[in-house]
Amino acid sequence: MYYFICLPDTLFRTIPSLHLNALKGSKYSQSATEKHSSYSPFRIALSLLPSCTFACVLGFLVVRRWGSKEKDTWVSPETKFQKISKPLQSLLCFVQIIGWGYYLVFSLKDNACVVIEAVSPFLIWCVVFIISVTSPVYNLYSSRHHLYFFITVFFLAALDAIARVCVLKEQSNQSINETYLAIGNAIVSSILLSMASITPQPLDPKNIETKNNEKIEIKDGDIYRNNLMLSPEATASVFEWISFGWMNPLIYFGISNELTRENIYALTYQHLARFAFAEFCETLVSTNRKKILLRIYKANTGVIWAQFIFSTAAMLVGYLSPYFQQKLLEYIADPQGRPINVTYIYVLGMFGVGLTKATFNGVQLWAGRRWNVRTFAMLDAEIYAKTLKRKDMSGKIAKEKPEGEEEKDEDTKKPFSNTGKITNLMSVDADRLADTPSYIFMLYNAPFEAVLTIIYLYQLLGFAAIIGLSVMVIFFPFTAYISKVMTQIFKDYSTAKDKRNDIVNELLQGIRMIKYFAWENNWKEKVMAARRFEIKKLIRAVTIQVVFFVTYLTVPVLVSCSSFIWYTKVAGNELTASVAFVSITLFEMLRSPLVLIPELITTLTECYVCLKRIASYMDEAEVGDGIINEPIPVPEGVLPETILARVGTEESVFRWHSGEPEAKDAVAAEVDPDEHPDFSLKVPAFEFPTSELSIICGPTGSGKSSFLHAILGEMDIVSGRVYLPSKTKLALDTYSVIDPEYPSLALNKVAYVAQQAFLQHASIRDNILFGQEFDPVRYKKVLSQCALVKDLSILPDGDRTEIGEKGISLSGGQKQRVSLARAVYSHAKTLLLDDCLSAVDAHTAKHIYQRCIKGDLIKGRTVILVTHHVRLCLPAAKFVMKLERGSVTSYGSVESLRENGSLVTILGEGTNENEAADEDEPIEQVDEEFSLIDDNAEVNNMIKEEKSEKGQVKFKVYKTYFTACGGWFFSFALLSSLFIARAFSFGENWWLRIWVANSAGSTNPNAFLTSTAAPVVYNIMSHVNEVTKNQNVFRAWVYEDDQPRSVDYYILVYLIICLAAILFDFLRNIILLWGSIRGAKILFERMVHKIIHAPMRFFDTTPIGRILNRFGKDVMTVDMNVARSASHLLDCITGFIASIIVVGAITPEFIIVAIVIGVVYMVIGVVYLRVSRQFKRLNSVSRSPIYSHFTETLTGVITIRAYCQEEKFQLELYKKIDGFISPFYLLWMSNRWLYARIEFAGAFVSFFAGAFIVLNLDTIDAGMAGISLFYARSFLENIYWIIRQYTQVEMDLNSVERIQEYLEIEQEPPASIKGSRPPAAWPTTASVEVKDLVIRYAEDLDPVLHGISFDIRSHEKVGVVGRTGSGKSTLALSFFRFLEPSSGSIILDGIDITHIGVQDLRSKLTIIPQDAVLFSGNIRSNLDPFEEYTDSAVWESLVRAHLAPENRDEEVPEGNATWAVTSLSQTVSDGGNNFSQGQRQLLCMARALLKNSRLIIMDEATASVDFETDKKIQNTIREEFVNSTLICIAHRLRTIIDYDRVLVLDQGNVVEYDTPANLLINGAGTGLFKSMCEKSGEYDVLIEMAHQALQRDGSDRVFEQADQHTANRQD
């Protein structure tokens, strides 16, 4: 092992030997031979270098193997090959010792240098033999360094042996024994290298580490992680790793099978999100969290340096190709008596360069992709982890900035992000930043490559190269300026994209309300306005890209022209073929980095903006920022558990979004006086009684929910301190967190039920368990106590029924009870319940109170209940607090409040505590021994798996896209500019060949080749020449015969051709960008239209995250990538065709090789396309779950934090990221698999092209040889990129395919039907007749309403009541045609509503829904988005909804205002979160009052409003809706007790329909309504209210039809 361990010495011996061979027969031969074989100190030093090199390799082994403290926790199964490889390896090493020992004895007669050369490898092989014999088996992970050691040594030895054989072949004075010894050494070394290279690597034990629910199994010797086979990459041999052979099994499987998530590989631990993020978090020890880039580097140091080393090596090796090309062309131009064998050395050199470069590139591309997927996992996990800690800013109001105004870096206020921006950070910014590592090597290689090219050009052209470099440098300032402009442009573009995404997100979140009010067209215009603004910014961005592109396309042309002008005109040199075509090759190599630089700068500019945005998000305030929770001392004689369990506050002030506390005493920063003051809460010092029920009450908007948020730490503390067990730390080293009295309870755990229930897209059971172990006994008891048993019996799959996003498939009451069940099922000592009784009917509320709140599962818990049902819950309460306008007006124990008379005030005037619920009154018993759905039973998922197309992209997808881009005109213009640019590109090389031939004195530079090799081409070119000669415009300048052409002539024509190529490239880009933007606009608008007009069932069964993915990643791909990828593909195809034509014309034999290689490429390409297509589709559908999980988390982050479930949700994110990364990484590894095989086959292309040139030297001149080699190189690149770009086009068109899917979704009935439109004043009386109405949610589901019939007379007020699941909300939906009747009809004012358009219908109706939805903007835009009413009318509606003072000019005190609304321009935040739930419902009421439709439907419209306000609202309804028909769905029976009639539903049937008085007092009907009143706990109150209603109406009239209907029902 000598020559390649000592590479300089090998070159010292090998290269001169080639020259000596060329000089045979000359007078220099003998002297040169003597010179290189003589003794010299320098050669002795080189002879000792192998030992030094080996010592370094050996030192690596010693340090890594014996210096580490690794322990083998896993032993990989030893294969048969491993059992025999080690003895065989030792034997072959011993053979090497014998061989080198013989050589040592044989060389003793030579000089000292030769002896040293023999001793060094002999000793090295002795050491290698000893290590081989003593080394451990390779199936231990700790022994992997031995394997790497042997591979390195055997690799260098094999190269050395091959080089020695080549050298000996050139030297005739060597003995036969020495030759055989060298050949034997080469064979043995190659065998050793092969054995070591195919030896599997030992498994890293981290691959079998598990956490929580992860599972590792071993089946048939293979390791399975979570039922997926571990990727063979984990144990791949070095050869498999370099060639990506470990992908073979999966690729061959994918040829004949459909790849799914269940049959692809589980990735190695380096690519798993959990491990990657853990390494990312380790960087926090030494690096600030906001320094994202530095942290990425520290967490990926190994692969970053691997990419750098191998990419740089590949670049350097690549420059040997023009060197061998130059030598070959020089030989063809002037052999100088050298033998033809020299040319084969050059051809083989190009072949070897191709293989070596392919290997190095494969490794560096693999390293870049590993860095890529790890960065993606790190950033997504980091953004998600930040979201789990970040303060909830959903109610924060962003200040609008004028367009063009830049944000100040030194902002005194910390920034905050809304939902749309946060989603964008994860879906776009993190994705784009993570993509950077895969091509970052181009950035740092480009300058080196440019410098090397210039140096090489200097050796070739002399000072002319410096002139070219100067031209390039001149453009640098312009580049810097463009880069700066580009940064700002892309920042503006990102902002515009965020705004558009915000609006789309808000549209999807509020789609139900938008459809209720027929606002589809208004919202479509709102989205399209944001889209137009985004497109405007996009046009600016792509325009600057085109400027960049043209600049850097022009620079290489100017560089080459200026260099040639100086070389020929100033220096006076002759332009030879070797100089011209090697220069062109080098200029082409220079063009590559220069053309890449603008794209890289563009991309890196975008990445810089993304990085700043993510860093800014990392800087946002977190829950608990600046608050120092000092450990609480435990007084002597007091149990630690007592201190830990307490809940309360010191005297404190809380404020929403006040900023970060700045002092140790937790005092917040001062509020900006220019801002509208945020809601604040003032609380005295107190503690809630431990293990007891406490009640918090107060009017709507008084701060009850805010108080719970303050307790949870979500509200900023201006002063004071909160005590909550989950955040309390005791000043003790150890203490128990188990309740000593109730051991099943955890003192440090808190459960929270939000006012708007947070439910996940999962089964009911999973939502209740919330990550806890399943205990069937406790679980059944929870279902019973939370009144869910009857509901589950109705649902098709019981408790395993899947509920949609935000629990969309459940009613409001069911959602609240599932949320309550989650809290009860938990083992938390402290329960915070926010108005959990408002969404349920009176009977259910009483059941929950008696069976749940007073039940055994809550016994011993500290329960803090926010409620308006004070009288119901008071008997069990020990503590009561009342809030008004953000202040505590009264608080204390029930006994103390009763004694001082405050309790009456709390309960309300005119009532007393004796009206509280009778504790002894029996309620319906529920059997707790019911059965659950079998765990193994099949269930119907409401949300279906995201659909993925199969096979190649369909023609209709191509048609959809190219039609949107401009159709045939776009395609023709693009192809024309492309072909013309390609023709001019060929013209550059052809003209150089003519120039070179003219310099050599040829009279007809074309005839020599074309007349002999390609006569057809010759005839065509001759005809073109004759036609051109006949044109007067060219005759005098070009075709003056018998006159020598000047250099100026050739330079000018060359410059014109180059500039023409740039011009048409520029036109191609303009056409491309015009078409792509046009297509993007059209597809986006069509998708928005289809989404807005989709039926509600689509939104119920499709997660919003999935839809946002279409509007995020897919729209971005269509905006930026599809047309560009298609253009690159066409460019490669035209280049491929040109390469075959040109090289085939010069060397016709190449066509045969091209066919053979083409067939090989086609087979490889077809295999790759089939597999990569499946990977891409898997990758596309696995992206949406990440965003769905993310948006779901944003919705319920407060609940997640309250339950301390951050880790569970983080682990769930890891699982979803891994599900995305797996097909993505395997997709790119299949790409690397393709690259390795294409490049290997491609090396033969260069080899045969060179060989055919050598074989045709008698018919080819140097110029044509240069063109042939240039286009042979182009052939190799183009065929690879055809496959790559075709795949990329299909991948990008996958986004178009996914948009196409949404362009074909089912649509609602038409907005209006021509010829069947209702009168303008319809409905005038609003009388309703429902006949035999049957409603079902889907054709394959059972009916929800079973042929119900009833009528409502004009201006009647009808209440609709019934148990949860009885069909009340379904009836309301059917009036708006969200659900179409299966049979029967609804007739409104004599018109069947199914016979008119849905917009004509909905615009005439008004609904006040239970889930109040507000949109970002202001009060006026929410109430009157079309600006159809005056300000006075809008304000009046607010007054009547008890939200604003009658006098608009009334001065309202700052802070906690008496009125929720102080002006019409008052800002409404995203989702209306700066208002309480009750206030949002009242704003929806104001919207209905303003519209004042003839038919109004109220669906639990005042459920979250206090009783006093509800009473006022009911008075308003009676006064304002006198001329309207009202249908009110209510759980509060007192709300509808004074209505004209009551419709009682039960399981989709009408049970009773009569006046409240008849049903309650006169005994009409089946008695169900009366039973409901009796069980409500308010029976006496309801009786009294019914009497008052009768007196108010002036008679005890009974509707005849109602009586008859009720009688029929009784029959």
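These residue numbers are counts, starting from 1, taken along the chain as shown.
Every residue gets a Cβ built from N, Cα and C, even glycine.
Among the features that TrEMBL reports, domain 'ABC transmembrane type-1' is placed at 308-606 (among others).
Averaged across the domain 'ABC transporter' (661-910), the predicted model reaches a pLDDT of 83. Residues or ranges marked as domain 'ABC transporter' in TrEMBL: 661-910 (among others).
Annotated domain 'ABC transmembrane type-1' per TrEMBL: 972-1291 (among others), in sequence order.
What TrEMBL records for 1328-1572 (among others) is domain 'ABC transporter'.
Marked as region 'Disordered' by TrEMBL: 395-416.
According to TrEMBL, the transmembrane segment annotation covers 44-67 (among others).
Marked as transmembrane segment by TrEMBL: 118-141 (among others).
Feature annotation from TrEMBL assigns transmembrane segment to 179-198 (among others). Long-range contacts of the transmembrane segment (179-198) within the same chain: residues 1, 81, 85, 88-89, 92-93, 95-96, 99-100, 102-103, 147, 150-151, 154-155, 157-158, 160-162, 164-165, 168, 237-240, each at least 6 residues beyond the stretch ends and with a Cβ under 8 Å from a Cβ of the stretch.
Residues or ranges marked as transmembrane segment in TrEMBL: 234-255 (among others). Away from its own ends, the transmembrane segment (234-255) comes close to residues 76, 151, 194, 196-204, 207, 223, 263-265, 268, 359, 362-363, 366, 1167-1168, 1170-1171, 1174, 1226, 1229-1230, 1232-1233, 1236 of its chain (Cβ-Cβ under 8 Å, at least six residues beyond either end).
The feature transmembrane segment is assigned by TrEMBL to 299-320 (among others).
The list of residues near the transmembrane segment (340-360) in space but at least 6 beyond its ends in sequence, with Cβ under 8 angstroms from a Cβ of it, reads 18, 21-22, 242, 310-311, 313-314, 317-318, 320-321, 323-325, 327-328, 331-332, 1235-1236, 1239-1240, 1242-1244, 1246-1247, 1250-1251, 1254, 1276. Feature annotation from TrEMBL assigns transmembrane segment to 340-360 (among others).
TrEMBL lists 439-457 (among others) with the feature transmembrane segment.
The transmembrane segment annotation in TrEMBL covers 538-558 (among others).
The transmembrane segment annotation in TrEMBL covers 564-587 (among others).
What TrEMBL lists as transmembrane segment is 1049-1077 (among others).
Under the heading transmembrane segment, TrEMBL lists 1126-1144 (among others). Below 8 angstroms of C-beta separation, residues 974-975, 978-979, 982, 986, 1068, 1072, 1150-1151, 1154, 1249, 1267-1268, 1271-1272, 1274-1275, 1277-1279, 1281-1282, 1285-1286, 1288-1289 of the same chain, each at least six residues beyond the ends of the transmembrane segment (1126-1144), sit close to that stretch.
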Positions whose Cβ lies under 8 angstroms from the transmembrane segment (1150-1169), at least six residues beyond its ends: 251, 255, 952, 1140, 1143-1144, 1230-1231, 1233-1234, 1237-1238, 1241-1242, 1244-1245, 1248-1249, 1252, 1268, 1272, 1275, 1279, 1282-1283, 1286-1287, 1290
Folded-back contacts onto the transmembrane segment (538-558), same chain, C-beta under 8 angstroms, at least six residues removed: 471-472, 475, 478-479, 482, 485-486, 489-490, 492-493, 587, 590-591, 594-595, 597-599, 601-602, 1055, 1058-1059, 1062, 1065-1066, 1069-1070, 1073, 1077, 1080, 1119
